[in-house]
Every structure is written in C-alpha cells, then in structure tokens.
Amino acid sequence: MRCQDPRQCGQKLIRRQPLEPRKEPEILVSRHLNIFHLVVLGVGSTLGVGVYIVVGEVALFVAGPAIIISFLVATLSSVLSGLCYAEFGTRIKWASSAYHYSYISLGELWAFIAGWNLILSYIFATASVSKAWSYTFDGLIGNHISQALQRAFSQYMPDYLARYPDFIALAVVLLLTGALTLGARESLLVTRVFTGINVLVLIFIILSGFFKGDLHNWKLTEQDYTSITPGLGGISSLGPLGFGGFVPFGLDGVLRGAAICFYALVGFDAIVTKEREALNPHRSIPWSILITIFICFLAYSGVSAALTLMVPYYQIHPESPLPQAFLYIGWDVARYVVAVTTLCALTSRLQSIFFPIPQVIKDMARDGLLFRGLASVFAHTRTPITAIMSSGNIAGLLALLFKFSDLVELMSIGNLLVYSLVSFSVLVLRYRPEQTLSKKEEIDISKHEESPSEPVPEARISRILKTLWFPTSTIPTLKSGQIVYGCASLLVLLLTILSVILAQWPSQVFSGDPGLTTVTVLLLLLITVVTVIIWRQPKDPTPAYFKVPALPVLPLVSIFMNVYLMMLMTPRTWTQFGIWNAIGFLIYFGYGIRHSLAGNNHQ
C-alpha cells in the first residue's frame, strides 16, 4: 500500500485508536487494592538497581555528594510525569501503557515511537539490573569471576563495549526468559516481602551512614586529594575527581546526574496498570503515585547522603558501592548482609521489569505495527512465546556486551521521551472533542467554511486571530482541537530549542551574551503567547476521576524538564539512542504502516 500523495501519507501517520476499548472477552476483576497495596507495588517496582548501584556510579563520576540535589531534580520531573500518568490511568481504563495513550490521543506514528522506546526502556533496564546482579554476586565472592574474565577477554573488547563479557548477567536473563516462557507469573506476595526487607535494610544503611559518616567528606579540599593521591599537581589537574566541596563537578554535574538518576525513579507506572483492581481509583491512583515517588526520593537521597558521608566520593566502588562502603568503615558483617539483600532486591526488580516487555510487544504486533508473528501465544502456557524469546535474547546480549553506564543512560533517555509523550497526550486529549460528536462538528465546520469568506486578506487574518483568542464554542470542536494540536507541537519544538541552548551554553546565556540571551528571551515570549492561545481554547467538559491541575502549564513544564534532561545526555548516548530508533523507523515504514490494524479498519 503506497501513498498516493503527501497528504495521504500524513493521514496514515496520525490515524488514531478510539477511546472505547476493544471488543474482547470481558474479564471480571475484583477491586481489592487500596492505597497501601498500590504504594507497596510502586515502591517494589521502583527501588532496585538505582539505590544499590546507580547511586555509586553517579556520585563517583558525575555529581559527588551533590547527587542528593540530582535526585531532587529528577523527583520533580518524575512527579509531573506521574500526575499525567494518573490522569490517563483513570480516564482510559482499558489502556495500560504509554503506547495506548499515545495511539488514542496523538496518532499512529507517535504511538509507535512511544511503544518502541518503551521496549527499549524495559529491555535495557532488564540488562542493567542483571548486570548489577552480576556485580553484586561477584563482589560477594571476592571479584574472582570478573578478574578472570577481564584477564581472558579485555584485550579483545573494543572501547565502546564492556571490559569483559558478563556471562553471569547473560545467564540471569536467560533463566528469567525460560521461567516466563514456561508460564511464570509476577507474584504480588513476593514483591511485598522483598519490598519490606528492602526498606528495612535501606533504613539500616541510612542510619549507619549518619552514625559512622564524616561530615568532612562533604568539604573535601585540594589538600585532601593530594594527601591521598600524591603526585597530583594543582587542583586543575584533578581531572575526574572534580574540584572538591559538596558540589565537586559544578551545576553541570548536578543536572547531568539528575538525567541519569531519572532511571532510578522509573517504575511508578506499574500502579496505573492496576486501575481495574484499585479501590476508589480516582483517589488511590494519584495518591499512590505521589506517595511512591516521595518514599523513593527519601530512600535515594538518604542512601546517597549515607554513602558519601561514609566514603569520600572519589573512593566509592562503582560496581559494589554499598557493600564496599561498609568494608571501608570496618563493618564486614554488615557488608555481607547488604550484599545478600541487594541480590534479593535486584531479583524482585528483575521480574517487575521483564514481565511487561512481552505484553507491549504483543500489543504492537496485534495492532500490526510490529511483525504479526510476535503476537503468537503458546496455547499450553498462554504466554506470547515469540515476544518473550526475542526480548530475552536481546536483553541477554546487551547484558553480555554493553557497559553498565551505557545501559542506564539509554534506559533513562528512553523513559524521558516516553514520559514527554504522555504529558503531550494529556494536553491534546483534554482539548479534544468527544468522538461521538466529531462527525456532526465536521459537517458544521464544513458549512461554516463554505460560507462566503472575506475577500480582503487582512480581514481573513483578523478572523483567524480572533478565533485563536476568542473561540466561538464553549466545548471542544474539531477546529479547536486542531489549533491545540498545532500549538502544542510548536511548543514542543520551541521547548526543545530552548533546552538545547540552556544545556549547551548555560554560562553564556546567564552572563548576558547578546546573541544567545536575545534568542532565549524571544523563545520565552513565543512560548508564553502560544501557551495562552492553548489556554483560551475550550476544554473537554466530560467529568473524569482525576485531572491534571494547572492545564496547560503543568504538562508543558513536565515536557520541558524531560526534554532538558535528555539534552544533558552524552553524544555517545544520543548516538546509540538514534541507532535504536532508526531500526524502529525502518520496521514501521517498511512494515507497520502497511499492516496497521487501524489503517485496515479505516479502509
């Protein structure tokens, strides 16, 4: 099926799914999950590799003790995205992922981008957690496995891959893949038990850090560096050690640390998938998301503070930070307790991350955007075996060969993009007319457009401007919906340009550079004007369980923060991210656009 003209191609890219659910056999589910149950689920799906491994990586290489501020910035971004997720979770009850939300509100191309990057996030998260499991296990037995593998393979591994192939991480992923293929199910009881143990050990770590920590580790100076690492020149030659103090890597390090720390706060969307089982979802879903994010922030910031107080940040062990920190302060028994608990927490996190991957792949394949064979279900176990095997093999290969830091950053940038699409979807959907009225509105608009128009161009421009500022209808119409869609798309472009400028040349902007400062001010003025135009348009009056407050400002701030954090990622991460999405576009334009179920139904 080839496009006859650009307009036809464009229509295919924005065809959408209906708000109504698919006609499938209805499964009766009892509502039994209260706020406490949902918070336990959310915390269990969020606390994991971030608190045990990523904290050490970011503190050592990126932010130093100021990682606490990095987590605060990441938490603010996560809260805004969480509120947008909450509206979708209570508004579109049959949908369960950002893929569906984007398909309903934005169109097919954006749905594919959201789904493809959801797959990226889940697969890379699975690979990173299995790699963290491998690091922890290896540290528990004295690092003998990594040392042997490094001696045997390091000379053959290129710089853009890990120092050695991680066969333990590969084995962990393959075991999980086999268990899921045989019909294993995620256990809420196991999640609750592991979450309880996890929280207790984290409290112990935080209290230990404040008891055995040294506040001087937040005030390190040049003399501290030179006394421990003799031979260094002045403070300018410290290189990766930073410049001392609480913020050794400056504001850039804090913000880049926030972009990576966003990885640690991903997982609250598991709450949204339980809408059908939640008691009083209009209240429990939003509150559960906010409480989950707040608890996780307390855990991450507390562990970060404890770790950087116990150990000078430049002496943190990147692969096993917490067990090695207890070894540093002389608490050898606590080191083993923390290591074993870390293994339990990472095992629980693995199941919560890997289990949703086949479902997303199956949904996209069933809609025709991915190869139909990926939606096939094994009759005996009722599992999408092809989706499980393909995603498991890719995750295992990534865990075997890629660096842990690359996996974390790719997972972060993928989730930042997906969460931005969710925020954009909320903005568009709230101003979208009800589908049942769309045909009538289209006829009314056609009649209105066929009426004699003003012959003078100035009068026509004046009429258009008047429509933007003073809409003729008090409820959303097709025209007002198109205005919001176009303005929101323009805002995303403007916010992206602003994010690039602030991420790449912040000092020039704030120091008053004539060119960059002028461009920044003009961008802010345009953003304000376009935001006001959206605000003037009529909103959907349909009552909903939960609505994002301060529309359209809050979703736009969420998009800006997410895009800004994306712009702080390294060129290496962007290159790998671009390769992944290039593969996705080849699949969509080579297969998905011709086999889309939405397109076939439309025909």
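First residue shown is number 1, and so on along the chain.
The backbone N, Cα and C atoms fix where each Cβ goes, and this holds for glycine too.
From a predicted model like this one, the values you see are computed outputs, not experimental measurements.
Annotated transmembrane segment per TrEMBL: 61-86 (among others), in sequence order.
Per TrEMBL, transmembrane segment is recorded for 98-125 (among others).
Summarising the annotation, TrEMBL assigns transmembrane segment to 164-182 (among others).
Annotation comment: TrEMBL describes 189-211 (among others) as transmembrane segment.
According to TrEMBL, the feature transmembrane segment maps to 253-273 (among others).
Residues annotated as transmembrane segment in TrEMBL: 285-313 (among others).
Among the features that TrEMBL reports, transmembrane segment is placed at 333-357 (among others). Sequence-distant contacts of the transmembrane segment (333-357), counting only residues of its own chain at least 6 positions beyond either end whose CB sits under 8 Å from a CB of the stretch, comprise 44-45, 47-49, 51-52, 97, 119, 122-123, 125-126, 129-130, 132-133, 136-137, 139-140, 172-173, 176-177, 180, 186-187, 190-191, 194-195, 197-198, 201, 204-205, 208, 267, 270, 273, 320, 322-324, 326-327, 387-388, 391-392, 395.
Counting same-chain residues at least six beyond the ends of the transmembrane segment (369-390), those with a Cβ under 8 angstroms from any Cβ of the stretch are 108, 111-112, 115, 177, 180-183, 357-359, 361-362, 587-588, 591-592, 595-596. The transmembrane segment annotation in TrEMBL covers 369-390 (among others).
What TrEMBL records for 410-431 (among others) is transmembrane segment. Through the fold, the transmembrane segment (410-431) approaches residues 77, 80-81, 84-85, 87-88, 91, 98, 101-102, 104-106, 110, 113-114, 117-118, 120-121, 124-125, 128, 259-260, 262-263, 266, 476, 480-481, 484-485, 488, 492, 534, 537-540, 547-548, 551-552, 555-556, 558-559, 562-563, 565-566, 569, 573-574, 576-577, 580 of its own chain, all at least 6 residues removed from its boundaries and within a Cβ separation under 8 Å.
Under the heading transmembrane segment, TrEMBL lists 515-536 (among others). Non-local neighbours of the transmembrane segment (515-536) in the same chain are 427, 431, 468-471, 483-484, 487-488, 490-491, 494-495, 497-498, 501-502, 505, 508-509, 551-553, 556; each lies 6+ residues outside the stretch with a CB under 8 Å from one of its CB atoms.
Each residue of the domain 'Cationic amino acid transporter C-terminal' (546-596) gets a DSSP state, and the totals for helix, strand and coil are 40 helix, 0 strand, 11 coil. Residues or ranges marked as domain 'Cationic amino acid transporter C-terminal' by TrEMBL: 546-596.
Residues or ranges marked as transmembrane segment in TrEMBL: 548-567 (among others). If one looks beyond the transmembrane segment (548-567) by at least 6 residues along the same chain, the residues whose Cβ comes under 8 Å of a Cβ in the stretch are 73-74, 76-77, 80-81, 83-84, 86-87, 255, 258-259, 262, 412-413, 416-417, 419-420, 423-424, 426-427, 430, 488, 491-492, 495-496, 498-500, 502-504, 527, 531, 534-535, 539.
Taken from TrEMBL, the feature transmembrane segment covers 573-593 (among others). Within the same chain, residues 1, 12-13, 108-109, 112-113, 116-117, 120, 368-371, 406, 409-410, 413-414, 599 sit at least 6 positions outside the transmembrane segment (573-593) and bring their C-beta atoms closer than 8 Å to a C-beta of that stretch.
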Non-local residues, at least 6 beyond the ends, that sit with Cβ under 8 Å of the transmembrane segment (189-211): 40-41, 43-45, 47, 51, 299, 302-303, 305-307, 309-310, 322, 325-326, 329, 331, 334, 337-338, 341, 344-345, 347-348, 351-352
